[in-house]
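Look at TrEMBL and you will find GLY10, TYR11, SER12, ALA13, CYS14, GLY15, LYS16, SER17, SER18 tagged as ATP binding site. Summarising the annotation, TrEMBL assigns domain 'Cytidylate kinase' to 6-220.
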Amino acid sequence: MKKINIAIDGYSACGKSSTAKIVASRLEYKYIDSGAMYRAVTLYFIDNYVDLTNDKKVDQALENINIDFRFNSKKEKSETYLNGLNVEDEIRTMKVTNMVSEVSALPKVRKVLVELQQKLGKKKGVVMDGRDIGSVVLPDAELKVFMTADKRVRALRRQQELLEKEQLVDLDEIIENLTKRDNIDTSREVGPLIKVDEAIEIDTTHITLEEQVEEILNEATSRMVENQ
Ligand code: CDP
Ligand code: CDP
């Protein structure tokens, strides 16, 4: 069957990346984590003290950033590299999480990363998750999903994930971070998080990961048939 592209957008910690990874593996498609790219740029900006209000410094920094994904066969997952260094764990720390939405709101940053993401999605057979995938990055994606979930449930899930990585973070701090990021991500001028009309909405509050995977796989199969 002809390959399609699947765009998964939504708020933080609704289950986008966990779902996207499984869907991609079942379809033997490529999974692309666009958030990891924004996180890697943010890490570079923090480590190099880049002043976000200084256009020249932002341009210079972007020229010096090279992001790629490499498969770790031991862990059986793809990991994010920034200028040749494995930053997969560091980009998920609160240091980066607390800054990422400010960096992602910069139009210059979005321009560079959207171009890179569009290149990766060109050949079809891609499942990409983020905030602007259905609206900006892959507007022609055959299947678009918009994920939501109750904020407290999202915060508890994120807290559990951080705990598994031995990071103990207070629930209130996580709720505050999710609220702040949702606000910045939905209100920025370029590439805001929106639900496009054609996207199917999945509220993951009361369902299991497997249930949302099944729903997307069913939708994907019918789009593939339509696309023949
Ligand atoms: O996993 P989580 O939902 O916490 O976040 P993420 O997907 O890793 O994305 C981190 C941040 O990157 C988001 O809060 C957005 O500010 C930004 N982002 C974006 O602006 N556009 C995307 N396509 C993906 C992420
Ligand atoms: O990518 P996003 O930030 O939207 O979420 P995630 O990183 O996939 O995190 C969601 C967490 O909630 C993961 O630990 C999932 O196993 C868990 N989860 C879920 O995704 N869906 C459910 N229905 C229940 C739990």
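Glycine residues also receive a Cβ, built from the backbone N, Cα and C atoms like all the rest.
TrEMBL entries are annotated by machine, without manual review.
The shown structure was predicted, so the numbers you read here are calculated from the model rather than taken from an experiment.
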If you count, for each of the binding-site residues GLY10, SER12, CYS14, the other Cβ atoms lying within 10 Å of its Cβ, which residue has the minimum? SER12
For the recorded ATP site, whose residues are GLY10, TYR11, SER12, ALA13, CYS14, GLY15, LYS16, SER17, SER18, find every other residue on that chain with a C-beta no more than 8 angstroms from the centre of their C-beta atoms, and list them by sequence position. THR19, ASP129, MET147, ALA149, ARG154, THR204
What count of other C-beta atoms do you get within 10 angstroms of the C-beta of SER18 (ATP binding site), across all chains shown? 17
Tell me the Cβ neighbour count for LYS16 (ATP binding site), meaning other Cβ atoms within 10 Å of its Cβ, over all protein chains shown. 28
